[in-house]
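See below for the structure under consideration.
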Amino acid sequence: MSILILADHNGHSLKISTRQAVTAAKLLGDETHLLLVGANLDELIEEARQLSGVNKVLVADAPHLIHAVAEDIAPLITCIAASYRTIIGGHSSFTRDVLPRVAAMADVSMISDVIEILDYRTFKRPIYAGNLVATVQSDDPIQVLTIRGSRYKPSESNPANTADVERIEVPTQGLQLATWQSETKQSSDRPELGNARIVISGGRSLGSQEKFQATLGPLAEKLNAAIGASRAAVDAGYAPNDAQVGQTGTQVAPDLYIAFGISGSIQHTAGIKDSKVIVAVNLDPDAPIFQIADYGLVADLFDVIPQLTNAV
């Protein structure tokens, strides 16, 4: 039996979570197929064919799939699911939207946020906001899972690897269970939050949306860092939803993570535990984030950040 990986992409290139999922799939030793869903995918097909570890690229290319609506994608995957023993996706908002629907349609369990693959039906995943690790075993005929990519190195492109390409039949229009309305994008020269080598995050103590950007922005520019936020800061409207770092937001694993004014709730620390170095700046010496920080500074962030920005 083979493995099917649902590719996450931006229309032009594969996201790093997909490359990490390919690396994880290699541990199972089965033939690996990568599924591309979208419109005008020729550029992506060439990248996918050269991905080390991919044996075949499946392509679902149709105009109505350009916005990747989960209600249209899940039935496509379900139609071919019986040919696979394992269906994998990186742990992204896209795959978390699609794959649980696939699992429900196939009447199997959904196993999310896997951090280690022991064999084709046994996996490790964090529970209780990352405080415990559970070993789960499924007897379902198909395993559907998402992989926490920070545990695996991205699979590299290899020009010598030219996987076969197979186009799958796609309906001429979607099911119309959900329709695409609009999308708002913010352009930025900063790295993507989930892929950045350096991440600086701010909490609610920054005080306002204006202060959040004005305080963290100059430092992020100098460090070429992505800007994240605690859930409290997002709920207060200081930062957009896609900036939220934590178990219910983006899980990050940068070389350096700096938390300014973040107390360190369980759901936040669960999303940063894989960071190589964690630095915390907080006025409260008893803030929980100091328990996992490699370096901690009890100080006012409004004093520390300008000094750090000038020193870089």
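The backbone N, Cα and C atoms fix where each Cβ goes, glycine too.
According to TrEMBL, the feature domain 'Electron transfer flavoprotein alpha/beta-subunit N-terminal' maps to 3-184.
Per TrEMBL, FAD binding site is recorded for ARG204, 230-231, 244-248, 261-268, ASN282. Less than 8 angstroms from the CB of GLN247 (FAD binding site) sit ALA129, GLY130, ILE266, GLN267, HIS268, ALA270, GLY271, each of them six or more residues away in the same chain.
The average per-residue pLDDT of the prediction over the domain 'Electron transfer flavoprotein alpha/beta-subunit N-terminal' (3-184) is 91, rounded to a whole number. According to its DSSP assignment, ARG204 (FAD binding site) is helical.
According to DSSP, SER265 (FAD binding site) is assigned to coil rather than to any helix or strand. Long-range C-beta contacts of GLN244 (FAD binding site), restricted to its own chain and to partners at least six residues apart, with a cutoff below 8 Å, comprise GLY228, ALA229, SER230, ARG231, VAL234, THR250. Spatially close to ILE262 (FAD binding site) yet at least six residues away along the chain are SER201, GLY202, GLY203, SER230, HIS268, ALA280, ASN282, ALA287, ILE289, judged by Cβ distances under 8 angstroms.
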